[in-house]
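Here TrEMBL flags 46-466 as domain 'Major facilitator superfamily (MFS) profile'. Look at TrEMBL and you will find 38-64, 84-104, 111-130, 142-161, 198-215, 279-301, 313-334, 341-364, 376-400, 412-432, 438-459 tagged as transmembrane segment.
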């Protein structure tokens, strides 16, 4: 289990990686021994607790779609005011993204998740007691901040505790629970009032707060901040009380010691030649993830289906909720089998086709032909789009963000990537209603074009990371500069 992150380059790289490479074959044999399975329950428990934050993320994203009619009626919001309410979540997310890396580096992964959960609870309570637009939007802003931080720290924590042969699958549980929360919000939101829906957001926060008491901090972070006793204790808990952690602990310490010889990383360091490909890959994937339109579709699903000719958006949102989870499970299973790139290629292709089908339905509606078939055609396009997104483009960018940056630059790099994601989410969710007013067909054709562009980017730029340790990923990136 030598899955060790590092940011060692130049002369330090050869000194550190050679002895570790010589030990890999022995480590691989040890991984297959009976002791290698003893730690798995703690890794799974820790992952299960962490992804409660992902469920919270999904429930916040999905909240606005089924509750639009109820909120606008009870609070008296106009379409533009509701657009502000829905999209202000992403403003909070951007603030969360800016601070997420620093928080996680200074107070640890566990402490950061704990603070995020508390902030989200405060936000949900504000929404529940809201009587006017101000408190409603303030609560949405708070929940946005909380999930903005969670969107960074959860996949990073999982990647740092997971064995390399399971890292992709376990990290993709982040996306699985995200769409799970999203699906629950879509489905329950059609059955209960918007104030009752607040409970869907509060519950995972409470479970997260309770669960964090029972799981260890990331050993890599503890080693980085020189908490030696806690580092050994956390690593032992993750690997099992009878496991021999001597070699893995020594490897982590060796890398940390070499990282400490490097100057303190700042934002400007991201653009050094040793890090630039990591930045291009991770930022690029987040840009294409958002320009594909997922947050426009997710935030305003009910409105889309009504515009397509349905009497209400309930059927569409329920079907959206039903397909996301099983398809994301398939993606999680395939993550460490087929690899990241095949999933991205299939996902981008299907997303592009789904948006094109939806665009065609709105184009035909504008021409006044085949009117009886158009709602079904639009629904089919949206479901193809959402299913395709769920199998790859939803999870893989977050997985790669968590594994592609070395430890010394991960806080700054992860904050940048998360900020880009949230800015794109805000831009798409805020502009979506205006784009639909301009041209419903044109909006989905633009999303379809973004999916096609994603195919070219993945094929030419994105590296495959399946089965590689975090150290091996860095070696590969540095050798291909």
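Cβ coordinates come from backbone N, Cα and C, glycine included.
Curation plays no part in TrEMBL annotations; they are all automatic predictions.
The transmembrane segment (84-104) shares more Cβ pairs under 8 Å with 412-432 than with any other stretch in the list 198-215, 279-301, 376-400, 412-432, 438-459. Note on the transmembrane segment (412-432): residues 83-84, 86-87, 89-91, 93-94, 96-102, 104, 148, 151-152, 156, 265-267, 269-270, 275, 278-279, 282-283, 286-287, 289-291, 293-296, 299-300, 397, 401-402, 405, 443 of its chain, located 6 or more positions outside it, place their CB under 8 angstroms from a CB of the stretch.
Ranked by the number of CB pairs under 8 Å to the transmembrane segment (313-334), the listed stretches 111-130, 142-161, 198-215, 341-364, 438-459 are led by 341-364.
It is 438-459 that, among the stretches 142-161, 341-364, 438-459, forms the most Cβ pairs under 8 Å with the transmembrane segment (279-301). Packing against the transmembrane segment (341-364) from elsewhere in the chain are residues 285, 288, 292-293, 307-308, 331, 334-335, 370, 374-375, 377-378, 380-389, 391-394, 396, 439-445, 447-452, 454-455, 458-459, 462, 464: each is 6 or more residues past its ends and has a CB under 8 Å from a CB in it.
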